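Per Swiss-Prot, the features are as follows:
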BINDING   17, 18, 19, 20, 21, 22, 23, 24, 25, 43, 129, 131, 136, 194  ATP binding site
BINDING   99, 135, 139, 192, 201, 203, 280  L-citrulline binding site
BINDING   131, 135, 136  L-aspartate binding site
């Protein structure tokens, strides 16, 4: 039997990821009217633009849901966000400005926790609002089936009957009004927004055009730092980690990770920290563009990597970055819980994050403009006395360095011979216009 149902399974229970917006409201009502038995599941992800979560299940019941549940996903989402920071699981960057994979993290948590709740209710068919051109349709597909092997997928937006009747937002609004709910469309924005406690994604519509800049976006987690009329005074903030876990901000210790992330968002948001404009490759290899906010994630990430560079050696840091980029891709593709991702994640958390204990002080200014003011840790391998230029006791002498340099003669000789070989085969030019060594000429002189 096929996993994806193209038409409404009449008479059967269908779980719908219900946001309370026009799309899912119309879909739920339509499914009930057509004879299905819809169950509504709403994820509380700590969305900064959601005012009343309790109202959402009540509306679902009004629209015909057999049952409606609100699932608090915030604790798990923050835990996954901190894990991503510990592993550096971020692969999309532009000129050093990072996208913190906040939407993929949200999908990993939503896709597993909502389907687990559905399974408890005996609901084995799942629908959500993802479209066939995006990443989420595959992410939810993977996470849903990982959680419930018996799961079937029904998406109204892939059902031609639904599309023919309610193919646009205007038709959906009229459908709701005719049913007596008087649903009014919200004011149309120049882009769409998806958010959770870790960050916000702004994309589509006007933002599909690269000549539309960040300036058309109204941030929901921070300030318009690019607007000269917005006052953004500099601010010092101290972040403390213990064994890779953020525990304190500005001297205040948090026992609740949700509250810590909210406070990190408030601090970073006051400066517009963590906002980025990215061109990325979707799972299907087509490029898309998004503008992202993640003030708390950015704040914690900066402090974490500052401690990382002061504590671990070069090879470990290099492996952290390489594994982090690969893990970020797995996360983006909906493979956060696949074995290849768990392997990378476990190694970074076990051998890298466990040593990250200390405190970093930053001065935040506008946007991603900041300075590192101080770094303190008992685990630092940074020892200024080892390389001081001042006179005094040293851990090694000039004679030690002469010996070390002499040992380099071995690989320098090997490299010179390779360069001669490259010149002989024409791979290296002896032209004066190149920046390469004139090895051909050097070889001639050596032979003479």
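Every residue gets a Cβ built from N, Cα and C, even glycine.
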Quiz prompt | Cα-to-Cα gap, residue 192 (L-citrulline binding site) vs residue 129 (ATP binding site), nearest whole Å | solution = 13
Quiz item: Between residue 201 (L-citrulline binding site) and residue 21 (ATP binding site), how far is it from one CA atom to the other, in Å?
Solution: 17
Practice problem: Give the sequence-ordered set of same-chain residues, not counting 131, 135, 136, with Cβ within 8 Å of the centre of the Cβ atoms defining the L-aspartate site. | Solution: 130, 132, 133, 134, 137, 138, 139, 140
Practice problem: Sort the binding-site residues 99, 131, 135, 280 by C-alpha distance from residue 21 (ATP binding site) and give me just the closest. | Solution: 131
Quiz item: Using DSSP and three states only, what is residue 25 (ATP binding site)?
Solution: helix
Quiz item: Which Cβ among the binding-site residues (25, 192, 201) has the fewest C-beta neighbours inside 10 Å?
Solution: 192
Quiz item: Given the binding-site residues 19, 131, 135, which one has the fewest other C-beta atoms within 10 angstroms of its C-beta?
Solution: 131
Self-check item: Residue, out of the binding-site residues 17, 129, whose Cβ gathers the largest set of other Cβ atoms within 10 Å
Solution: 17
